[in-house]
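Student: Got a structure for you, written out below as structure tokens; questions coming shortly.
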Amino acid sequence: MHAKRTHTFFPCVGRHCALALAAALLPLGAQAAEPEAVPDTLEWTVPFGVGGGTDVWARFMSHWMGEALLSHPTIVIDNVPGGGSITGTNLFYARADADGSQMLVTSASTQFPAMLDDPRVRYDYAKWTPIIAAPTGGVVYAQPGYGKDTDTILAALRESPTKFAMQTPTGLEMPVLLAFDLLGLKVEPVFGMRSRGEGRLAFERGEAGVDFQTTSAYFSNVAPLVEAGKAVPLFSLGVMNADNVIERDPAFPDLPTFSELYLAQPGHSRDDIAYQVFHKFFASGYALQKLLLVPKDTPPALIKAYRQAAATLPEREDFLTAARNQVGPYTPVVGEVAAKQLDSAMQLSDARRQWVIDWLKSRYGVRVSTR
Amino acid sequence: MIDALMTSLGEVFSGAHLLYMGFGVLVGLLVGIIPGLGGIAGMALLLPFLYGMSPGLALGMLMGMVAVIPTGDTFTSVLLGIPGSSASQATVMDGFPLAKKGQAARALASAFLSSLCGGVIGAVVLTGFILVARPLVLAFSSAELFVLTLLGLAMVAVLSGESQFKGMAACGLGLLLGAIGTAPATGEFRLNLDVGYLYDGIPLIVVGLAIFALPEIIDLLIQRGSIARERTSLGHGWRQGIRDVVDNRGLVAKCAGMGSLIGTIPGLAGSVVDWLTYAFASRTAKGEKHFGQGDIRGVIAPESANNACACGAMVPTLLFGVPGSGTAAIFLGGLLLLGLEPGVSMISTHLDLTYTIIWSLALANILGAALCLVLARPVAQLTRIPFVLLAPVITTLILFAAYQATRSLGDWYTLLAVGAVGVLFKRAGWSRPAFLIGFVLAPGAETYFYQSVQFQGMSAFLRPGVLIILGMIALALLLPLLKRLLSRRQPLAVGAEVTSPQQPPAVPTFGRVDALLVVGLLLLAAASWYDISGLSFLGGIFPRLAITIMAVGAALSALEAWRRGARWEAQPLGAPLLWLVGLLGLVVLASMLGFVSAATLMAFAFLRGVARARWSTALAIAAGIAAFLLGMQALLSLHYPSGWLDALIGI
């Protein structure tokens, strides 16, 4: 399984086109002309504790970004955990200097509360500019007792209720829960897991009938279960192409995506408000799962220098090989493309927000407090 | 397996590996000795070095550090009464009283030797266990985890001493404080008074410092002695300590075994293990017992358990990628940075690396304990320094440690608020461990109960594992009761018990602090009941339970005192409250001037004004404090609360 893992690299077609476009737009000779002004020390605020997924990504990226910038600045990681990343992000928003020395690393759990108008959120993504973003995909899998292929399992799950172990109602798994509901599956969430890993343990113990993992966690911990016949993959969430359309995940070309399954049902279309809500949260939580941002007022020359450095990374085979461990076989999104995607992902209309809140309340009895 | 074992042994004993592991051990000792910095800070120090290192060497370095942290933090637990990390909270119970009796070296020697044994036993258990552990870890469903937390809560009865009702009220208050934050079942916010700091709940390390360290320091300040009041020679101390461990080898083996097994269960924090083994030791110990007043077995039990537990926590981390403790979580991050993915593949494809991890763990335990033993005697001399000279250093350390929890001023105010409760508890003899156990177990108790009912319905409580643990709880609670009943029938046994110094006074005591606490807790119960009235059933049921336990306990303790004609006890309160106010002043000053300046200035002023120290001593200590804070800032890229004075000097 391990050997297979290291050779599974499928270039993401849509994203590659976007990158080629972005690269073409860069002025020639960009590599050599890094402005003098890049500070000697860059401080990256990570609003999560040490050792978590976002922290590991930040440390990984700081190594490569430090190498890609010509002056090789020292990059210091400052962990400010608390409030599910809201505390540290609020602090960064209130205090960070826009002199190019300060950057922020955020994740789905920073983005979702902002979309839902969580009363604790004081930050505004419109005031930040992305340098590089890492997408991830994810796979839903089920106990083998429900069947051997997607269709029979879906049919079984529509009949018999099953459990799904989640962290919080508005966390990373929320789009997955929505996906279950939109497919008409009788999935009941059980909240309070401290990590996705604990959720997977609940599945392995047989307490949960279905589970979900992001791509890298799926490869390291679920693929062996699938091989041993203890889990059956059901569907993937897919990946977003440059036109904001969800397509098959290059890491799981044989698995249908949720979107395919949903749209195949009679009377369903992309215009359904429920599907659009899924699409928004998928874009913000998965297509842009980890983000490296600077304050918008950072000198344009520096932003350009950072983005150029970031743009060299997806061209390096050694970076891509190493990145596969962190997020799976997905090419990072850089610069303007990331900015455009971020803008569209983070804007949730009032009607859609209200839809989410009503859905959580009526369907699962969960009250979400908003401003 | 044997093949992988041998390969890894060769790797572990290679020069480069030993060098890196030694480095890891030194970092581990440093962060272990400084309170507030646990494995998390240590990992943060080491993670940046990991790039480009070969996995074997990097793992040696990481394990060197992981293995020694629960050893190093024993220094502050024993010498200063400050729990260095959650793993050493129970060590404070008897270690600090021993230091006060002038037996610090004995306590330290025992602690380090039992740490060493615990670590090695843990590694040995882990060696075979790693191949078969999967089914066992999978056997622990949320239902078993829930009853395990109940087992922990049952220990409150053991630890609350003479007054069971006061212990119950203290535990209830701990449970209620632990419920602050979000309801795990519904995500609702509760009891946070709209204060941003409280949305996440209160950090454990702040509560630990507040409930144990602050009251001790204030008491010492009032008495103004050196920590060790009886000046026995430290010379015999450490030989005596080693003999203590040899005499109690059965206890060491049992506690290490318990530690490594409980450590393997993901989700049960290491902080439970030391209390469980402490209670186990105090319950099963033969002969004279002085638990809580300086019984060496109260040091040996948790210290042999916590290192073993660190080994056990590697099982779910390596096998499932689910960390078994906070430190293990960061270790997991380190593995990912090295490009290693924990999971079943660690055993199939990386068995040699897995054994490198385990053997580094064992070797680092030996190395760390040996280093600590060497350091024990000189460091134990600290306790002979007049306490007034140490007070500003310790105060700074506590503020530094508390601030590391979430790096917000809220940590300091929480420290003071819970510290006030700790002072009252200490004055009136209410069980502080009972409070802490309630606090530690609150989130687990609620989450696991909710999860087991959601996942399995009522059949969750009919699982064989659950029934076995429930039986253990019944045994733990009923056995002493049975013993007492039996001994009542045999007059001979009664005579034997009367001679033991353990016998509590028959008449309970009551004083104005007790009255204050009872009234305060009842008012708090009413206020928090009102606060959670808007919550859904699932979100509110647990805090309601906690409030009920607290209120009933408080009321019954008053009732008991009244019905049994309690002896009125003078419980002076003025002096400790004055010191608390002084500390509040320091905190306010630190948030205005900046922590570094305020701590340095206050230390100097205190040493000159209160301690009447010489100019040179005062200057040296104040400069040392500033150097420590600035050094930590540079080393860990920390931010302290900054004010105008710090900004002026450019800190």
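Indices start at 1 and increase along the chain as displayed.
Glycine is no exception: its Cβ is also placed from the backbone N, Cα and C atoms.
All TrEMBL annotations are machine predictions without curation.
According to TrEMBL, the domain 'DUF112' annotation covers B:18-436. Here TrEMBL flags B:20-42, B:49-69, B:108-132, B:167-185, B:197-222, B:318-337, B:357-375, B:387-406, B:435-453, B:465-482, B:536-556, B:577-607 (among others) as transmembrane segment.
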Student: Checking distant contacts: for the transmembrane segment (B:108-132), what same-chain residues at least six beyond its ends satisfy Cβ-Cβ under 8 A?
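Tutor: Non-local partners: 1, 5, 67, 70-71, 74-75, 78-79, 91, 95, 237-242, 244-245, 249, 252-253, 255-257, 259-261, 263-264, 296, 299-300, 303-312, 314-315, 318-319, 347, 354-355, 358-359, 361-362, 364-366, 368-370, 372-373, 376, 379-380.
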Student: Over the domain 'DUF112' (B:18-436), work out the mean pLDDT and round it to an integer.
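Tutor: The average pLDDT of the model in the domain 'DUF112' (B:18-436) works out to 85.
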Student: Taking B:20-42, B:197-222, B:435-453, B:577-607 as candidates, which has the most Cβ pairs under 8 Å with the transmembrane segment (B:536-556)?
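Tutor: When the Cβ pairs under 8 Å are tallied, B:435-453 comes out ahead.
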Student: Is the number of Cβ-Cβ pairs under 8 Å between the transmembrane segment (B:435-453) and the transmembrane segment (B:49-69) three or more, considering only pairs separated by 6 or more positions?
Tutor: no
Student: Counting CB pairs under 8 Å, which listed stretch among B:197-222, B:318-337, B:357-375, B:577-607 touches the transmembrane segment (B:20-42) the most?
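Tutor: Between the candidates B:197-222, B:318-337, B:357-375, B:577-607, the best contact partner of the transmembrane segment (B:20-42) is B:357-375.
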Student: Is the transmembrane segment (B:577-607) packed against any residues at least 6 beyond its ends, judged by a Cβ distance under 8 Å, and which are they?
Tutor: 214, 218, 221-222, 388-389, 391-393, 395-396, 399, 403, 409, 412-413, 416, 419-420, 423, 613, 617-619, 621-623, 625-626, 629-630, 633, 640-647, 649, 651
Student: Can you tell me which parts of the same chain pack against the transmembrane segment (B:318-337), counting only residues 6+ beyond its ends and a CB-CB cutoff under 8 A?
Tutor: 38-40, 42-44, 46-47, 50-51, 58, 62, 66, 69, 130, 133-134, 137, 263-270, 309-310, 312, 343-344, 346-347, 354, 357
